[in-house]
Amino acid sequence: MLNIVLFGPPGAGKGTQSEKIISKYSLTHISTGDLFRKHLSEGTDLGKLAQKYMDEGNLVPDEVVIGMVEVKIKETGDVAGFIFDGFPRTVAQAEALDQLLESRNTPISGMVALEVEDDELRNRILERGKDSGRADDQSIDKINNRISVYKNETLPVAEFYKNQDKFYPINGVGSIDSIFENICDKIDSFK
Ligand code: AMP
């Protein structure tokens, strides 16, 4: 199985690139942000709980995120592999993911990390906010908070995969297709 963690700050292009990766490698997509937005739109208890964190650009508590991913992994039958997008965002989530995959006898193959400067991220998210309807895309304070949460709480996850020799950085600035080509080169190297 090919199990990929697609990593990067908010606005790095994870959503765009994951769509292309999924269709090329036939992977099953697990985006915790998308799953929370689905719960929100359906008005579930989980969605209501997550909303106050999401609206401010803060992380939803680990046990809530891990529980949701566990359900998703367990309900998925035989697949070619998973792409995790926006997850794990803390070291505790990364440790939990290793355990969840151990129960399926299939480890993470590698983390692909999209790297983009802060100013570019802010511009991209504000631009996306014009159409996305996402409260967390529309105020510069919330965007700045998401970037600082990423630096303080999420960046250590890169170290976690570096320590396992599974960290593959990619320049996230350039055309969508050239970034995708670089991603595929990395993925093909750990298949
Ligand atoms: P995203 O679409 O990945 O930018 O996620 C949107 C929001 O959902 C984040 O700002 C968090 O509030 C929440 N969220 C998504 N994934 C996670 C995660 N793995 N851990 C904690 N919170 C998350």
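All residue numbers here begin at 1 and follow the chain in the order shown.
Keep in mind that glycine also has a Cβ here, set from the backbone N, Cα and C atoms.
TrEMBL labels come from automatic prediction, so no person has curated them.
For the AMP site, TrEMBL records THR32, ARG37, ASN58, LEU59, VAL60, GLY86, PHE87, PRO88, ARG89, GLN93, ARG146, and the single candidate of ARG104, ARG134 listed with them is ARG134. For the ATP site that TrEMBL gives as GLY11, ALA12, GLY13, LYS14, GLY15, THR16, ARG128, the extra residue drawn from GLY77, GLY81, GLY174 is GLY174. Taking a Cβ distance under 6 Å to any atom of ligand 1 as the criterion, the binding-site residues LYS14, GLY15, ARG128, ARG134, GLY174 reduce to none. In the three-state DSSP reading, ARG89 (AMP binding site) counts as coil. Per-site Cβ counts within 10 Å over the binding-site residues THR16, THR32, ASN58 peak at THR32.
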